[in-house]
Amino acid sequence: NPHLEKMKEDILYHFALGTGTHDFPALFGDVKFVCVGGSPSRMKAFIAYIAEELGLGSPGCDYPNICAGTDRYTMYKVGPVLSVSHGMGIPSISIMLHELIKLLYHAKCSNITIIRIGTSGGIGLEPGSVVITRQSVDATFKPQLEQVILGKTVVRSTNLDEELAKELMQCSKEMGQFNTVIGNTMCTLDFYEGQGRLDGAICLYSEEEKMQYLKEAYDSGIRNIEMESSVFAAMCNFSGIKGK
């Protein structure tokens, strides 16, 4: 964004951080991996797990929320790993990603990998399986994100880094703890009708129609459904960040 260079101060409002009040290179300059997920408590538990795995923390150690000045998102850091919550749905993660990408830019970070982790609805998989997303697709199975900007529809690609998918699959094979597949992830605009559920407040389709739709999704290569991957993939692609 060329406009950032003209700004005296960049305020990351939803993180309660700003270039005029915080030393971004000192705070975040060593970050190499960013893991994002919907739940604040889950991302706090994740950073504690990573700290133990990397030998950078002690059991029971508390990790402060860097975004304590706001209740929109939470952020935790240990060593080169940043753990950030993003809430539910495309609008929420989009806001977070705009400010996260600017944070990494102001901190002068390089060679960053961002991974979104979270629960999703599987298609044709055993519960507990892990899906490594090859590409995010919309509810019509197209690998794209449509967004209206200044009244015009802009379409962006939602492919994700293929080499990173292979690396993660290799890690899973070495661990041998989870049934793991590489597949496409469908990103929907809501949790109920958009995902073909029968238990929402409104439902105007039959169970047979639902199952036919899910079969078509499976046959097209889709293995899970969630609500954030399309904008995640599009923004990582557009920003030149390796994401999965």
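In case you wondered, yes, glycine gets a Cβ from its N, Cα and C as well.
Per TrEMBL, the features are:
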DOMAIN    32-242  domain 'Nucleoside phosphorylase'
BINDING   ARG72, ARG116, ILE117, GLY118, THR119  phosphate binding site
BINDING   GLN195, ARG197  substrate binding site
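Mean pLDDT for the domain 'Nucleoside phosphorylase' (32-242) in the predicted structure: 95.
Remark: ARG197 (substrate binding site) has PHE191, CYS203, LYS210 as non-local neighbours, by Cβ distance under 8 Å and separation of at least 6 in sequence. Within 10 Å of the C-beta of THR119 (phosphate binding site) there are 11 other C-beta atoms, taking all protein chains into account. Residues ARG72, ARG116, ILE117, GLY118, THR119, recorded as contacting phosphate, have a largest CA-CA distance of 20 Å. Working note on the binding-site residues ARG116, ILE117, GLY118, GLN195: by count of other C-beta atoms within 10 Å of each C-beta, ARG116 ranks first. Using a 10 Å Cβ-Cβ cutoff, ARG72 (phosphate binding site) registers 18 neighbours.
Comparing ILE117 (phosphate binding site) with GLN195 (substrate binding site), their Cα atoms are 19 Å apart once rounded. Taking CA atoms as the reference points, GLY118 (phosphate binding site) and GLN195 (substrate binding site) are 17 Å apart. Ranked by CA distance from GLN195 (substrate binding site), the binding-site residues ARG72, ARG116, THR119 have THR119 at the top as the closest.
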